[in-house]
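**Student:** TrEMBL feature annotations, pasted as is:
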- 20-59: domain 'DUF6533' (DOMAIN)
- 12-31: transmembrane segment (TRANSMEM)
- 51-69: transmembrane segment (TRANSMEM)
- 89-108: transmembrane segment (TRANSMEM)
- 120-142: transmembrane segment (TRANSMEM)
- 154-174: transmembrane segment (TRANSMEM)
- 206-226: transmembrane segment (TRANSMEM)
- 247-267: transmembrane segment (TRANSMEM)
Amino acid sequence: MAESDEEMARQAWAVAWVAATCVTCIVYDHIITLGEECNHIWPARMTLARVLFFVNRYVIEGMLLFAFIGKDAYYVHQLQLDLIGPKIAAGFGNLSTSVGVLSFVLSHPADIMRSCTCTFYLRWLSVNLTVQNAVVQGILVLRVWALYQGNKPVIGLAFFLYFSICATLVGLTITDYLAESVDVERVVALPGCYADSLPSMIAGYWITPLAIESYLFIMVTFRAFVYWKAGESSPAILNLMARDSTVYFAIIFALLLGNLLMFLFGPPFLSSLLLNPLSAASCILGSRMLLNLRVAIIDPSSELEIPRNARHGSSEYPRHPHARFESDSHLVMHTAELERSGISCDGAPG
């Protein structure tokens, strides 16, 4: 049963208000953490961890703000381009057809431009999801690498899942551009770009990240669980990483599951209701995880536990919080060296 314009307008307004809330959260978080960023991130050397932070902090945030705001920038008129498309494809052999198509194009330039803009916007959302997932999952993989540097199976599986999921998302994006059509809906009472139908492959954007999200979460929390099982207090940095991972996984898992259920059982207009909170939460939490770790290591009040029998004997691990690490990535990566002598490298009691 087709929904009325009034019902679709209410759904679209709900999506718009949620998007506005997400924009506010992103901007607010950026403002309140800018001081810590300038003090702890900007002076550091350029490394992979720092590059991922800045890409997530500025490129991804910019893409999300464009996506949240751009949706309502144009009023989309109902335009049956599918009717004139075959005529254009057939060529201009028939003079009357050619004149009719040319007359239509010249008399509706704004409609055609706005329809093309909305088609681009709706497909751009899949690019957003792909790029954001690649960056944030990269941050999470670095955290696991930090804890399991000596465990090749764990690291190998983490990188295998990461590159497999990135390749899958790129494939879904290419499919979205080449094999899926975009139906643009017009709502009489509301400006903006809205999809009349959803491509079947869009569920892949919410299902595929669950695999690596679950694996990376288990690997980080398992490290803390080993200390708890052994009856020992875990290092402060490991507690911080476990806490951030738990918060991230709980929020993102709930939103990914909600998006999937909304796609399966909800109307098309509400399909992106939870997509905006998912993107905003992933962006904010991704930056926070790196920023919290950097601040905890440099902050004088932070208590770091560095074992005397660190696995990499050629490296020296300064005990003083202000000691300079060789690179930003090692600020994250050397957390693997925070293990006690009674705990082996693979997380099992020695």
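FYI, residue positions are counted from 1 along the chain as it appears here.
In case you wondered, yes, glycine gets a Cβ from its N, Cα and C as well.
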**Student:** Grab the same-chain neighbours of the transmembrane segment (120-142) for me: Cβ-Cβ under 8 Å, and only residues 6 or more beyond its ends, written as numbers and ranges.
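**Tutor:** Counting only partners 6 or more residues beyond its ends, the transmembrane segment (120-142) has Cβ contacts under 8 Å with 48-49, 52-53, 55-56, 59-60, 63-64, 67, 70-71, 158-159, 162, 165-166, 169-170, 172-173, 176-177, 182, 184, 193, 195, 202, 205, 209, 212-213, 216, 245, 248, 272, 275, 279, 282-283, 285-286, 289-290, 329, 332-333.
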**Student:** On the DSSP side of things, how many residues of the domain 'DUF6533' (20-59) fall into helix, strand and coil, could you say?
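**Tutor:** Across the domain 'DUF6533' (20-59), the residues distribute as 33 helix, 0 strand, 7 coil.
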**Student:** How does the model score the domain 'DUF6533' (20-59) in terms of mean pLDDT?
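**Tutor:** Summarising the domain 'DUF6533' (20-59) by its mean pLDDT gives 93.
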